[in-house]
């Protein structure tokens, strides 16, 4: 019985091995029928703001009138590709991402305006826009060439306490300098006045007034 079970398992493996090339050939032949390529354009380079916000536009050439669209933002760093955010929306409705997503966006016709927030220098990389026209059939898929987003971390602001200490030290230095300058000036003024005064008061006798000159008045007769 064990030998019979082993033979059945071996036969199933052989059957799966034989049908695998047929399955692969089926997908290669019929996937292009259900999935059609679509051109997606996006800017080549974007510089994030000092607050870590980067915005760019994804524009796709829609061959038909799609009513359901899915937008996905992929990040490629070195050889790794990770999904940043994704959203599915109906044409004419607002583009809404998840509440915890770092992405926001709006749609207008065949354009999707994307904004990525909370970026840091370590998030610098190639951000690829992937657009899928989900409904109605046929299914269209378009992948852009990517937007290189550069993020520069702002320089940290100096500590406010440290600035207060510097201000206090400068103020103290200026006060001490002004006090020293005033003391030196007063000392020089006192040294200049010391030779003029002995510091002893002597009562001097009053001087006799000069004799007043006697003038004889005279009259001029008038005829």
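Placement of Cβ uses the backbone N, Cα and C atoms for every residue, glycine included.
The disulfide bond annotation in Swiss-Prot covers 58-129 (among others), and the record cites experimental evidence as its basis. Using a 10 Å Cβ-Cβ cutoff, residue 58 (disulfide bond) registers 25 neighbours.
The disulfide bond annotation in Swiss-Prot covers 85-103 (among others) and is backed by experimental evidence. Secondary structure at residue 103 (disulfide bond), as computed by DSSP, is strand.
Feature annotation from Swiss-Prot assigns domain 'Ig-like V-type' to 39-140.
Per Swiss-Prot, the feature N-linked glycosylation site maps to 113 (among others). The secondary structure of residue 113 (N-linked glycosylation site), as reduced to three states from DSSP, is extended strand. Less than 8 angstroms from the CB of residue 113 (N-linked glycosylation site) sit 55, 57, 105, 106, 107, each of them six or more residues away in the same chain.
Residues or ranges marked as N-linked glycosylation site by Swiss-Prot on the basis of experimental evidence: 145 (among others). In sequence order, 42, 44, 128 are the residues near residue 145 (N-linked glycosylation site), counting only same-chain partners six or more apart with C-beta under 8 A.
The phosphotyrosine feature in Swiss-Prot is assigned to 201; the stated evidence is experimental evidence.
Among the features that Swiss-Prot reports, region 'Homodimerization' is placed at 46-50 (among others). Long-range Cβ contacts of the region 'Homodimerization' (46-50) within its own chain (Cβ-Cβ under 8 Å, at least 6 residues beyond either end) map to 56, 119, 147-152, 154.
Residues of the region 'Important for interaction with CD80 and CD86' (134-139) grouped by DSSP class, helix first, strand second and coil last, total 0 helix, 3 strand, 3 coil. The feature region 'Important for interaction with CD80 and CD86' is assigned by Swiss-Prot to 134-139.
What Swiss-Prot records for 150-155 (among others) is region 'Homodimerization', and it gives experimental evidence as the kind of evidence. For the region 'Homodimerization' (150-155), the number of residues in each DSSP class (helix H, G, I; strand E, B; coil) is 0 helix, 1 strand, 5 coil.
Look at Swiss-Prot and you will find 1-35 tagged as signal peptide, backed by sequence analysis.
If you look up Swiss-Prot, you'll see 183-223 marked as topological domain 'Cytoplasmic', on the strength of sequence analysis.
The annotation transmembrane segment is assigned in Swiss-Prot to 162-182 on the grounds of sequence analysis.
Reduced to three states, the DSSP call for residue 58 (disulfide bond) is strand. Within the chain carrying the region 'Homodimerization' (150-155), a Cβ under 8 angstroms from the stretch's Cβ atoms is held by residues 45-48, 50, 52, 54, 119-124, all 6 or more beyond its ends. For the topological domain 'Cytoplasmic' (183-223), the model gives a mean pLDDT of 63. Every protein chain shown contributes to the tally, and the Cβ of residue 103 (disulfide bond) ends up with 19 other Cβ atoms within 10 Å.
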